[in-house]
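For reference, the structure is listed below as structure tokens.
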């Protein structure tokens, strides 16, 4: 029954992570938006992610871009941001306008950020001129915030007629520093090319391919590591612990154990490699504890694999020492692997269903372990009792 449960649960839990659900846009549209001021904005865009809208006008004679960006923060008291990236398409390198409300006064204001890297999110002057900057709350639009600004578009970008825009929402502001936003699909997709003339309104809503690719890689990374460190390694340990008690299972249990652990190691190395690749592509984004545990897992699991080549014979004087090493490292891998799977789930932030399903799988393995542990002790005690009866003490 347990194996049947696992066959049903595992594909559902992990392969479902590959399908990142899209965040639907709100039923309202940018044409229905109203805001303060008398200035009109001839161009209006329903941005495809984070329920965001952009109104803008562009004066080519003086390369002035006037914008009104609207979006709801991810949580009450959160922030919104709209940016131009002069050099690339992502957030790193962007020149950002960030709006948030003061928790005491309730007044919305705008801060400028020159985002050199993801780890450098402090107020700073932008690389181009910006003025008439203000923010307001749109009470009629579910607590959305709006950013008003005029931007002097750099000459090289103005000549192209397009700028790379990035937008984002986050959960809060603490001591003047904005809290990190989610790294789910909609957040990573929130970028595109803005046509200054408004002639091709579909252009700004493209450009999410890079975000989709990263989400896909993150999901693959999560699946590989959850299956290897989080499931196959525990199952392999259970095989060695509980099958060997049956004399008829020797040496089959050993080959099953080695096959399971070696498969887990190969899959785990593939997952570890995808993690390194993701890290190299995400400058400034670091999950130190998850990363450090992953490196430790790879290191000690590699030692465990090589230790099999030095496995002494059963009657060798160092076999006892080798067994202590092998079991100690093995159980360390089990504990660290499960811990890191949960850390990875918190980073991926999938639907709660997936985390609940993984907990159910681990709980099932734990229940089976308790049952087999009890059966093992019963068998061992019966054998000891039988041996003492056959060979009574003089």
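A Cβ is built for glycine as well, from the same backbone N, Cα and C atoms used for every other residue.
Within the listed segments 196-216, 322-342, TrEMBL records transmembrane segment for the stretch 322-342. Cross-referencing 165-183, 222-240 with TrEMBL places the feature transmembrane segment at 222-240.
Sequence-distant contacts of the transmembrane segment (322-342) (same chain, six or more residues past either end, CB-CB distance under 8 Å): 225-226, 228-230, 233-234, 237, 290, 293-294, 296-297, 300-301, 303-304, 307, 310-312, 355, 358, 362. Sequence-distant contacts of the transmembrane segment (222-240) (same chain, six or more residues past either end, CB-CB distance under 8 Å): 6, 10, 13-15, 17-18, 253-254, 256-257, 260-261, 263-268, 270-272, 274-275, 294, 297, 330-331, 333-334, 336-338, 340-341, 344-345, 348, 358, 361-362, 365, 368-369, 372.
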